[in-house]
Amino acid sequence: MSEEQLQKPIDCADVKGEAEKISTTEGGIKTAEDKEKGAVAEASGEQAEGEVNQKKVVANPLKSEGTITIGEALEAAVLTAGNKPVEWSDAAAIQAAEVRATGRTNIMPGGVAASAQSAATLNARVGSDDTKTTLADVLTGASSKLPSDKAATRKDAEGVTGAEMRNDPHLTTYPTGVAASVDAAARINQSK
């Protein structure tokens, strides 16, 4: 690779597009004959020789194309407030977000909300900010930890904001925290 290619940031859309171009025949190398067979098969609706029949993935009806999910909004909070120690207000906001994303009324053991509550309990007992559990520790990979996820809506943002405010001693939200991330996701989704 050239120095210029190493310095260039990776565009996920480009990588996905390139991955879709790679054929499953002979290690991804297509000959002119293979390309011709594929083109004929596509035109006739048949399967070309050596190609794998791929099933279409059924999209989640609650998540439309190009929208930001609640899990992704939680992961975005890591970028904006990842170094912030988890407090009770954060744990309440994360719990509200998990409930809205999954549709379940109870907290899943080992889930994001349970981890946040444990972190808030431990952080209340620890004196030094250096040893406290941060939002990054709890929310990294949040969308993969949720059993189901849905696009963030204004109603979701209001619920998460209310939970964070009710559990804050000053009845406020953290400017770049969990509620702010879900609110931003809802605004972006609403504008689409």
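For all residues, glycine too, the Cβ spot is worked out from N, Cα and C.
Heads up, TrEMBL stuff is auto-annotated, nobody curated it.
The feature compositional bias 'Basic and acidic residues' is assigned by TrEMBL to 11-23, 147-158. The domain 'SMP' annotation in TrEMBL covers 68-125, 133-191. Summarising the annotation, TrEMBL assigns region 'Disordered' to 1-48, 146-176.
Outside the compositional bias 'Basic and acidic residues' (147-158) by six or more residues, the chain places 60, 62-64, 67-73, 97, 100-103, 108, 179, 182-183, 185-187, 189-190 with a CB less than 8 A from a CB of the stretch.
Across the domain 'SMP' (133-191), mean pLDDT in this model comes to 96.
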